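S.K.: Quick one: the structure is below, and I'll ask about it shortly.
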Amino acid sequence: MSTPSAIESVLVENRVFEPSEATVKAARISGMDGYNALCAEAAADFEGFWARLARENVVWNKPFTKTLDESNAPFYKWFEDGELNASYNCLDKHMGTPNENKTAVIFEADGGEVTKTTYKELLAKVSQFANALKSRGINKGDRVLIYMPMTLEGVVAMQACARIGATHSVVFGGFSAKALQERIIDAGAVAVVTANFQMRGGKELPLKAIVDEGLSLGGCESIKTVLVFERTPTACNMVAGRDMTFTEALAGQSTECAPVMVGAEHPLFILFTSGSTGKPKGVQHATGGFVLWAKLTMDWTFDLRADDVFWCTADIGWITGHAYVAYGPLAAGATQIIFEGVPTYPNAGRFWQMIERHKCSIFYTAPTAIRSLIKSAESDAKVHPDASDLSSLRILGSVGEPINPEAWMWYYKNVGKEKCPIVDTFWQTETGGHMITPLPGATPLVPGSCTLPLPGIMAAIVDEAGHDVPNGSGGMLVIKRPWPSMIRTIWGDPERFKASYFPAEMGGTYYLAGDGAVRSADRGYFRITGRIDDVLNVSGHRMGTMEIESALVAKTDLVAEAAVVGRPDDLTGEAICAFVVLKRGVPTGDEAKAIAKQLRDWVAKEIGPIAKPKDIRFGENLPKTRSGKIMRRLLRSLAKGESITQDTSTLENPAILSQLGQAY
Ligand code: WT7
């Protein structure tokens, strides 16, 4: 008999962890009564609820008079006639308060050096950088592409853009030259902010060279300026007239710069993410709504207190690094840790050692990181959480992908010592901040469940026609009403925005998250079951299958056809599996291995190393219906290593299935 425990713990989860009485008492949103009261307020007067929160949590230079404009749905507008500045809300507002000389950022470099920056010092740095941008002719409305390591300077660059009303677009440092070029063109950026190199795991990796390569691919004539942070002493290529080091750019610039007030709907940033077609989507966020939600969810989800030391391990290249590194902690006046390196260098105890070193009290990371650290900790006591003093911790968080109950329990016991609530926060690049999450002083926790929507977030599970499904049955996750931090449009493609997120079959106003979900029969708790579109989640990184397919078939000398699917993976959540038809027939043995390597390197060059397929399978064809449609469900079964039990009678070429069995 097989052991049913693993399967059962996923399907039925009976463990419940109530918040302690002391936690409930001290919490900002106290107990389920506190939560229910806020939900009732939102239900009774939706706009009044948001208006109150926006007045209490954002400093407006000019107050708004209208809360929500739905006249051109789904192009919603929030607080439209209000004016503010995001950087003012993160920095200036703390001046003259006890936060002025509080540490804003504890930066720990890859190699271990620590530097601390107060709010006052950070304001000076941001202002000085903003002046440098202005002196290069960069102004309100311009787009600035940021391709930086995970350093304080990356946050400074983002805040400086916000200060002058320029719209930033951060591209994760792991993306390729080609990916960078596409994003520069799509955004119409006028400048790139980068570094000569980045340090990761003791290695010096090029950044500026990749920018140069991206710009040389053509179509990037809009770029007039490249600012280069000298992260390491190693020289890099500099183009006269276009490129400037940070030292040169900052020389002589004043450390004061008046923030430029912008309308609440002014685009604060564009962040590219993967969708179900080959072309990444430039998700556009608005200043007012984003700042409100970043600040408020720091207070609600993390129940932030004045003496907390907050640490979100996400890179600024992802939305988590926008909301919970670059803006939220600063808007909330927190002390935060920013970490440049990787969790396994110099050893896999780095996170735990850093929690001890900096007395971190709120720790927010991804399930992938937890799963890989479990593996290391279980085989080496020196890097086990028990080897560090983690008594400063009071709240743990998880983000980016479903957390399996086993990993949840390990995190709860070994890191949180059974006293720290885990907030499993479900959200997306498009939602701008948390949507469904427990509240540490209110919500009873169930491992593997993100529990309940935040007050004002009208999440539901529906069928294809938009009708609610009963608790216990699966369906599609939607949000029925707009919320302030939501995506405003896809940059330059409003039609794609409408078609991707607001399906006409559901009435055109429900936001479709793209995830499947189910609510528990007893508590109505949400559990996310995974994407329902052609989007994969690999180590918490979002990848479109079509994007990888396009990259593979672009290798025209080798590849005739390719199909990409995901398969479950214990460590990375999902793994990328590519089925490839070569122009030269089916390779075997060492030759197949060599070609598989060649294709992986190619995908790394086209998109980035994060998009490299884990498995590559070769066949002389792909399984297709008689009408020529690739049967992806069969490919998914093959990728999982399952024997094919589906009906294959509609298949044009059933013999192909056995050929595609071997993974390289
Ligand atoms: C997709 C969004 C959330 C910011 C970082 C990722 C998955 C995210 C959870 C969670 C289950 C989750 C979803 C979502 N996801 N958080 N707590 N439980 N799934 O943002 O790159 O836009 O990806 O990540 O599938 O749609 P993203």
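Backbone N, Cα and C atoms are what each Cβ position is placed from, and that goes for glycine too.
Below are the features listed in TrEMBL for this protein:
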type	residues	note
BINDING	Arg200, Gly201, Gly202, Lys203, Thr320, Ser539	CoA binding site
BINDING	Gly400, Glu401, Pro402, Asp424, Thr425, Phe426, Trp427, Gln428, Thr429, Asp515, Arg531, Arg542	ATP binding site
BINDING	Val553, Val559	Mg(2+) binding site
DOMAIN	35-90	domain 'Acetyl-coenzyme A synthetase N-terminal'
DOMAIN	99-483	domain 'AMP-dependent synthetase/ligase'
DOMAIN	547-629	domain 'AMP-binding enzyme C-terminal'
MOD_RES	Lys629	N6-acetyllysine
S.K.: Considering only the binding-site residues Arg200, Thr320, Trp427, which residue has the minimal Cα-Cα separation from Val559 (Mg(2+) binding site)?
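M.R.: Considering only the listed binding-site residues, the nearest one is Arg200.
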S.K.: Long-range neighbours only, meaning 6 or more apart in sequence with Cβ under 8 Å: which ones does Thr425 (ATP binding site) have?
M.R.: Thr301, Tyr364, Gly397, Ser398, Val399, His434, Ile436, Thr437, Cys450
S.K.: Which one is it: of the binding-site residues Gly400, Pro402, Trp427, Arg531, Val553, whose Cα lies the shortest distance from the Cα of Gly201 (CoA binding site)?
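M.R.: Closest candidate to Gly201 (CoA binding site), judged by Cα separation, is Gly400.
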S.K.: Just to be sure I understand: of Lys203, Thr320, Ser539, Val553, which binding-site residues have a C-alpha no more than 10 angstroms from the C-alpha of Gly400 (ATP binding site)?
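M.R.: Of everything listed, what lies within 10 Å of Gly400 (ATP binding site) (Cα to Cα) is Thr320, Ser539.
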S.K.: Around Gly202 (CoA binding site), which residues of its chain at least 6 apart sit with Cβ under 8 Å of its Cβ?
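M.R.: Same-chain residues close to Gly202 (CoA binding site) (Cβ under 8 Å, separated by 6 or more) are Asp110, Gly111, Tyr345, Pro346.
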S.K.: What three-state secondary structure does DSSP assign to Thr320 (CoA binding site)?
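M.R.: In three-state terms, Thr320 (CoA binding site) counts as helix.
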S.K.: If you count, for each of the binding-site residues Val553, Val559, the other Cβ atoms lying within 10 Å of its Cβ, which residue has the minimum?
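M.R.: If we count Cβ atoms within 10 Å for the binding-site residues Val553, Val559, the smallest count is at Val553.
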S.K.: Around ligand 1, within a Cβ distance of under 6 Å, which of the binding-site residues Gly201, Gly202, Thr320 show up?
M.R.: Thr320
S.K.: In whole Å, how far does the CA atom of Lys203 (CoA binding site) lie from that of Thr429 (ATP binding site)?
M.R.: 29
S.K.: For Thr320 (CoA binding site), identify the closest of the binding-site residues Trp427, Arg531, Val553, judging by Cα separation.
M.R.: Trp427
S.K.: Thr429 (ATP binding site) to Lys629 (N6-acetyllysine): how many Å between their Cα atoms?
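M.R.: A Cα-Cα distance of 31 Å.
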S.K.: Could you check which of these recorded positions, Trp427, Arg531, Val553, Lys629, sit within 10 Å of Ser539 (CoA binding site), going Cα to Cα?
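M.R.: Among Trp427, Arg531, Val553, Lys629, not one has a Cα sitting within 10 Å of that of Ser539 (CoA binding site).
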